[in-house]
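To start, the structure itself, in structure tokens.
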Amino acid sequence: MQSPSAASVEVGLFPKPRSKLSEPSHPHPGTARQIPEMRPSLLLSRHTPTLLRQQQQNVSRGVFGCAVAAREQTHHPHRQQLQLQLQSLAKQHHAACSSRLFSSTAAASTTSSSSTSSVNADEISHFSALASSWWDPHGPSRPLHLMNPLRHDFIADCLASSPETATPSPAAGAQTRGLRYLDVGCGGGIFAESAARRPGTHSVTAIDPSATILGVARQHARRDPTLATGTRAEPKLQYLNASIETLPLPAAPEPLFDVVTLFEVVEHVDRPAAFLDACGRFVRPGGWLVLSTIARTWTSWLTTNVLAEDILRVVPRGTHDWRKYINADELRAHFEDGAVDGGDRRRAAEWAAERPAVMGVVYVPGLGWKKVAGSEKLGNYFFAVQKRDVARDR
């Protein structure tokens, strides 16, 4: 709730008496007209997303309506029944908002490569322009470099939490070695390279729809000869210019992937629900779908759009679109019961969404990213869900 500035209060609810000496009603001819100074409250309102203002108004109306209803309930013969009806309406409203925001963000984008693709041409153009600075640890991609250690920590926690992933896919060698990764939206390869170097990795397949960024990724990978190991059929690290919709599934008996990662990707695609389903097809039974994204809150808008882009210029303007952020409870609902995008109940049988792994992180200037419990409801967070191994459970 934005607080009105002194100027806005002065001209709004409490008008200041005008002085005839200081402010003549008929200025002399030729006197330059003074341009009124823009008030901070108006500036904030102009840059506030329309959806945020609507949500703020809805919350205010909802609180007022509940107060009136509570006052009337003292004289209502069916007080408990009315409370249940109000709670039901609130849940329906929340589900409707989540469905619109989660499954229809393509409408907010400018261009899409096709009606079935999650790739947004504007997003590709924006990040392709940053390709040359991708591996500069002090450049626009600095937040990604600083976040990379937490990515590995989060994946390690997910694997350690389930005994079935301690023994990876049939392509593995030793019991705790041989994980096969698919990195979707790999960009310049910050995570893909580091994952390929880890001793517990069998191979990393990294895909991105931007040929420009992949050129930077391949060029940087050539500096490390160890990344060129593996077999011709499955090298240690391979980059593919593809989207998840155009990537063919591995032919049997080739195994699927133990870990499919989507780091800072979901908030940049169209049709996120379909995108997640497409990524999920590549996760083997018992494997993990791991992602990081940003919650859609007032705090995230202030930190990513206003502070990071407009004030501190930590990242280039236009990097974030607040309307495309996704909350952790929306992700869980998507995998748990499909309530977010129309009710595809098959996901509940496929994913163990009743126990997703969630970790909130906060960027601390000078210290980097830090784990902060509960911060997933405010801004950046990691989310992971495991695919059920139906054959093992039988």
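Each residue, glycine too, has its Cβ placed from N, Cα and C.
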From Arg151, Arg232, Arg284, Arg296, the one annotated by TrEMBL with Gly185, Asp208, Phe263 for S-adenosyl-L-methionine:
Arg151
Do you know which of the binding-site residues Asp208, Glu267 has the most other C-beta atoms within 10 angstroms of its C-beta?
Asp208
State which of the following binding-site residues has the fewest other Cβ atoms within 10 Å around its Cβ: Gly185, Glu264.
Glu264
Mapped DSSP class for Phe263 (S-adenosyl-L-methionine binding site), helix or strand or coil:
strand
Around the C-beta of His268 (Mg(2+) binding site), how many further C-beta atoms are within 10 angstroms, looking at every protein chain?
22
Candidate nearest His268 (Mg(2+) binding site) in space, where candidates are the binding-site residues Arg151, Gly185, Asp208 and distance is Cα-Cα:
Gly185
